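Take a look at the structure set out below.
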């Protein structure tokens, strides 16, 4: 991948000038000028996902310049480098090949001259065989009872992805009860212990190195809890499996290495749900549905790799997002799924985007000072968010572009719930784009029998400026296939932006310093003596903690 500061390109400079030409133009103006705006500014994937980006403050010229920017930043070259197994994660000297995990075509993917697909398929086959034994009840616990509960112990990518997907695909789940433990706060796992029976519980310990502090602390507590009932350490093998590559530590823990499911250093944590880390997904919805999830992602991979940029959905979303953050002044993006099963989707891509593109050093090793990299990502399901933070989106002083996501078909057709939900989905993007003028507010008061003199002090508060950018992403239905495609779409959006931002999207050095300092502080917490080795604030906090505990 090349080192190209995007602000040095002709396209960026042209975009700066172009921004000025739209300064007094609103989204409403653009709809008045372009009668076919919806058709011209929307794309469809596989007749399953419709992406409408028409309610952004963009024109054809904007899109053409953004596409030029992508070209001048060598996006196509970077894309091929990723798919072909080049080590584009240069700070860790690793390939980036989560796409190989869902490569349903089985065409060879080479890393250091070796095809990785045989190993990928071998792990998939092993996961299938294991999951079928557990789901069918053939796998027995130490007292001969079938497994009823599965507890996934992991953190970050080893938790967020599997948890999000198992929740999103809850309509497809089987009889097994799924639990996810991530926080090192003992409360998290203690609450799971209250709901489970050691005789019928299977723990999945998800840690590539089998040394992750939070995960191994929870895993050891789970082992202690289990052995308090089971007594004999040989029973651990019937109730624990490992998603790891450290066979020595796995064996030392008491897990049979036959029940160890490996993955590779070219799989980043936040892109790992497609790997052995997805075992909890398989145990929840079955292997066929997991395969459909992989297939949906693979189809989006093909679309992203092979489709010209003009019709390329992930690239288009990336470019529009970049326009909003770097040329319209936004610092944040909200992801708002109008589907309760998708309640962890925003949290998942909060990690996906912010850990990938939350960087301030460019690929050239220089500090980035004249453009924005990754935005702040957040969100909640609709309609809950409407009664919480939409006030600020509509009438606040901060510009917040939003992605609205909804399925046309619901898995739970109760009375008119879904029509009411979707009426809000459609209404919100309309309200954000077009707002409500002072004249409309006054007309509404007059119609209600009020005089303008009576209401003149209230009118300004009921005006909506509009001109707030949104994307609408409408799925036919949330299925394993369409969810896989949707996740891959957002993954590739993040990749495109990282290429243009000239950063390394697949490392995460920003998480290291806090961990290092925590390791230094931990032994200081065990005694009663005063701590003096930090700044006055940290010393004061630690010493107050010691006094109060």
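A Cβ is built for glycine as well, from the same backbone N, Cα and C atoms used for every other residue.
According to Swiss-Prot, the features are:
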{"type": "ACT_SITE", "residues": "355", "note": "active site, proton donor"}
{"type": "ACT_SITE", "residues": "387", "note": "active site"}
{"type": "ACT_SITE", "residues": "515", "note": "active site"}
For the C-alpha pair, I'd like the distance in angstrom between residue 515 (active site) and residue 387 (active site), rounded off. 37
How many other Cβ atoms are found within 10 Å of the Cβ atom of residue 355 (active site, proton donor), counting all protein chains shown? 22
10 Å Cβ neighbour count around residue 387 (active site)? 9
Other C-beta atoms within 10 angstroms of the C-beta of residue 515 (active site) total 11
At the Cα level, what's the spacing in Å between the residue listed as 'active site, proton donor' and residue 387 (active site), rounded? 29
Assigned conformation of residue 387 (active site) - DSSP reduced to three states: helix
